[in-house]
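Engineer: Could you have a look at this structure, given as structure tokens, before my questions?
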Amino acid sequence: MNKTAIALLALLASSASLAATPWQKITQPVPGSAQSIGSFSNGCIVGADTLPIQSEHYQVMRTDQRRYFGHPDLVMFIQRLSSQVSNLGMGTVLIGDMGMPAGGRFNGGHASHQTGLDVDIFLQLPKTRWTSAQLLRPQALDLVSRDGKHVVSTLWKPEIFSLIKLAAQDKDVTRIFVNPAIKQQLCLDAGTDRDWLRKVRPWFQHRAHMHVRLRCPADSLECEDQPLPPSGDGCGAELQSWFAPLKPGTTKPEKKTPPPLPPSCQALLDEHVI
């Protein structure tokens, strides 16, 4: 798919996510065994876990938004990754949005993050823990140059390379979305150990954070996985195509209507939202 078409799809998905959503009305996880249902951009979750706010290895940003819920596998991944980072003396992991208590569509900012299997992680590792004020209004560190063609060399750190690599090497991770310029720098720095690069996918924005996505849990029978990324390290023509100028669109994007919910998610809404 060419980049013009992908950009249009991204815009449409973002527009759909801005529509009013009833999922915010569910303020606690739905009781039951953990089940991720549907697709990453059209689904929900039963039995979500709450990521503990207090941890010596990570800090949770924007807790007032209450987007720190996810499948137990996601909570364990965050704890596993942040422990590895801490043991290597790299700094504190900054956790952004996961999902809402029952997953589902956000009213803005995300098209995915609906099944409790996605998390945003800042691409900075402070040596000194952030204050409560900093966590509530975090300052993102834009690692990408203005022209979008490379990272800012003074901001790019070996620890950020290692953070992304550690996440990609995790057995439960299927994709990590970063800006194309960040993917390009990873390709340059990777050396001969390159298998993990397959999971790192270029995507629009993502200049200051990585978006980590886990595979569907084996016992979540209604969860819809994505196809695996193409074979190879993704550092060749596919990556370079992201730096080609977009062709002007010939039509205005139409407002996209969100697709019907999976039946189990609709039933969940019918039961828990008046």
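Using N, Cα and C of the backbone, Cβ positions are placed for all residues, glycine too.
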Engineer: May I ask you to find which of H211, H272 Swiss-Prot records for the Zn(2+) 1 site already listed with H110, H113, D120?
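Structural biologist: Candidate listed by Swiss-Prot for the same site: H211.
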Engineer: Of C216, C223, C235, which cysteine does Swiss-Prot list as the disulfide partner of C187?
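Structural biologist: Recorded partner, per Swiss-Prot: C235.
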Engineer: Using an 8 Å cut-off from the Cβ centroid of H110, H113, D120, H211, can you name the remaining same-chain residues around the Zn(2+) 1 site, in sequence order?
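Structural biologist: So the additional residues around the site are G96, D97, M98, G109, S112, D118, V119.
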Engineer: Given the recorded positions H113, D120, D147, H150, C187, C223, tell me which ones have a C-alpha lying within 10 Å of the C-alpha of C44 (disulfide bond).
Structural biologist: H113, C223
Engineer: Does DSSP put H211 (Zn(2+) 1 binding site) in a helix, in a strand, or in coil?
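Structural biologist: Where H211 (Zn(2+) 1 binding site) sits, the three-state DSSP reduction gives strand.
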Engineer: Could you round the CA separation between C216 (disulfide bond) and H113 (Zn(2+) 1 binding site) to a whole angstrom and send it over?
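Structural biologist: About 13 Å separate the Cα atoms of these two residues.
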